[in-house]
Amino acid sequence: MSKLIITGGKQLEGTITVSGAKNAVLPIIAASLLCAEPIRLEDAPDLLDVNIMNQVISALGAKVVRKGSTLEIQASSIDCIEAPYELVSQMRASIVTMGPVLARQGHVRISHPGGCAIGSRPINWHLKGLEALGADVRMDHGFLDVTAKELKGARIYLDYPSVGATENIMMAAVLAQGTTLIENAAQEPEIVDLATFINEMGGKVRGAGTSIIHIEGVQELHGTTHTVIPDRIEAGSYMLMAAATGGNVLVQNVIADHLKPLIAKMEESGIDISEEGDGIRVIGDGNYTAVDIKTQVHPGFPTDLQAPFMAFLTRAKGTGLITETVFENRFMHVDELKRMRAEIKIEGRSAVVQGIQRLNGAPVTATDLRAGAALILAALTAEGTSEIRGIQHIDRGYEKVEEKLSRIGGNIIRSE
Ligand code: EPZ
């Protein structure tokens, strides 16, 4: 079982480069199924989840070749309408292949994705949207069997601005007859990148990034080359690690506008943040004031940075209150941080974090992707050495993590 061995205490110094966004490239790879012509995706991060999505679309009939950080994809035809159970069960984000396969073939079968560590993760709003477009949804021995003789544009109001539901509905609507309106749509930057990609293929999506998205159906799409936006969650995780170690780091390849909530909270806590070219410089002096955060849909504070921010708060003076409103079970990193002597108390959907002088290194286990990032941050600041297990979770979303952190002074090695 491979693990990361980290000895804390070093201030991170230097430049760290952010990869393309996992949560943008996953739906974009799925959207490639809408088009029969060649697609090139630049800045596609080489991550476990991306490799699984590539396997899913290959199983459906697409050709996928990775050349460094470029993916060359061509779905000239979709020969299979069933996404393989063993792949979908590994990565629930595969569910966003439902919309494009339905749009292209009129039929899709995909196993109902289970929950995961952070929550039950239902897909009721995905299915409600597809039914509004004219699809018929049946459960068949654990598989969703979705058919649509013809998809017709509709006006769809989302009970909650779900990222995945917005993506699935948007992709299903691209080739539908007529116009679709998604109201109360998710506004995350990754939704905007997906819409940009669809429009580059000749689709007609307007309003992405706002709560009302307008999709005019077209007959067919053409090939294109698209550069994936930088990963704001990877960037934010490294910004917090730089601050927590009292370092001076330029986090390069960042769109500052995507990180406004984090930057505001880090500045409120007393960290020196400045934009520098296409990056953000973080200078920490180790004297931070605890602040409160509440996770919200975009443009609120992102739930994916909740765990790393909690680990950072263990280093701030005073008490910080963290409220998680997006997922029902996203505090599993608390027990692991407490093994490192963190003082955290969970009260319902909130956690009260008491800053302390220094954490202690310890053997800990990552329970999910962002909990893993929180444990890396904690270990980099702790006194002594930590061993982090469960790093397959970290490899899902942080490309070459030990390489990138070692390059800026982190004392971190991967041991098989
Ligand atoms: C996306 O998940 C991201 N994943 C998540 O990132 C991110 O945390 C989340 O959006 C919120 O920003 C990818 O993009 C691959 P949702 P998604 O649908 O689409 C409930 C990471 O660490 N819900 O906005 O699944 C759901 O259970 C991952 O990179 C329903 O009840 O998020 C959750 O409580 C973790 N019914 C809330 O809504 C539905 O039909 C938000 O889910 C859909 C969602």
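Cβ atoms are placed via backbone N, Cα and C, with glycine included.
Copied from TrEMBL, the annotated features are:
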DOMAIN    7-405  domain 'Enolpyruvate transferase'
BINDING   Lys22, Asn23  phosphoenolpyruvate binding site
BINDING   Arg92, Asp304, Val326  UDP-N-acetyl-alpha-D-glucosamine binding site
MOD_RES   Cys116  2-(S-cysteinyl)pyruvic acid O-phosphothioketal
ACT_SITE  Cys116  active site, proton donor
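Features as recorded by TrEMBL, highlighted on the structure.
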{"residue": "Lys22", "record": "phosphoenolpyruvate binding site", "CB count, 10 Å": "26"}
{"residue": "Asn23", "record": "phosphoenolpyruvate binding site", "CB count, 10 Å": "24"}
{"residue": "Arg92", "record": "UDP-N-acetyl-alpha-D-glucosamine binding site", "CB count, 10 Å": "18"}
{"residue": "Cys116", "record": "2-(S-cysteinyl)pyruvic acid O-phosphothioketal", "CB count, 10 Å": "15"}
{"residue": "Asp304", "record": "UDP-N-acetyl-alpha-D-glucosamine binding site", "CB count, 10 Å": "24"}
{"residue": "Val326", "record": "UDP-N-acetyl-alpha-D-glucosamine binding site", "CB count, 10 Å": "20"}
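If you take the Cα of Asp304 (UDP-N-acetyl-alpha-D-glucosamine binding site) and the Cα of Asn23 (phosphoenolpyruvate binding site), they are about 11 angstrom apart, rounded to a whole number. Neighbours of the UDP-N-acetyl-alpha-D-glucosamine site: apart from Arg92, Asp304, Val326, residues of the same chain with C-beta atoms within 8 angstroms of the site's C-beta centroid are Ile118, Gly119, Arg121, Val163, Thr303, Phe327, Arg330.
Looking only at the recorded positions Arg92, Cys116, Val326, the one with its C-alpha closest to Lys22 (phosphoenolpyruvate binding site) is Arg92. Checking the recorded positions Asn23, Arg92, Cys116, Asp304, Val326 against ligand 1, the ones whose Cβ sits under 6 Å from it are Asn23, Asp304, Val326. Of the candidate binding-site residues, Asn23, Arg92, Val326, the one lying closest to Cys116 (2-(S-cysteinyl)pyruvic acid O-phosphothioketal) when CA atoms are compared is Arg92. Secondary structure at Val326 (UDP-N-acetyl-alpha-D-glucosamine binding site), as computed by DSSP, is coil.
For the domain 'Enolpyruvate transferase' (7-405), the model gives a mean pLDDT of 97.
Between the CA atoms of Arg92 (UDP-N-acetyl-alpha-D-glucosamine binding site) and Asn23 (phosphoenolpyruvate binding site) there is a gap of 12 Å, rounded to the nearest whole number.
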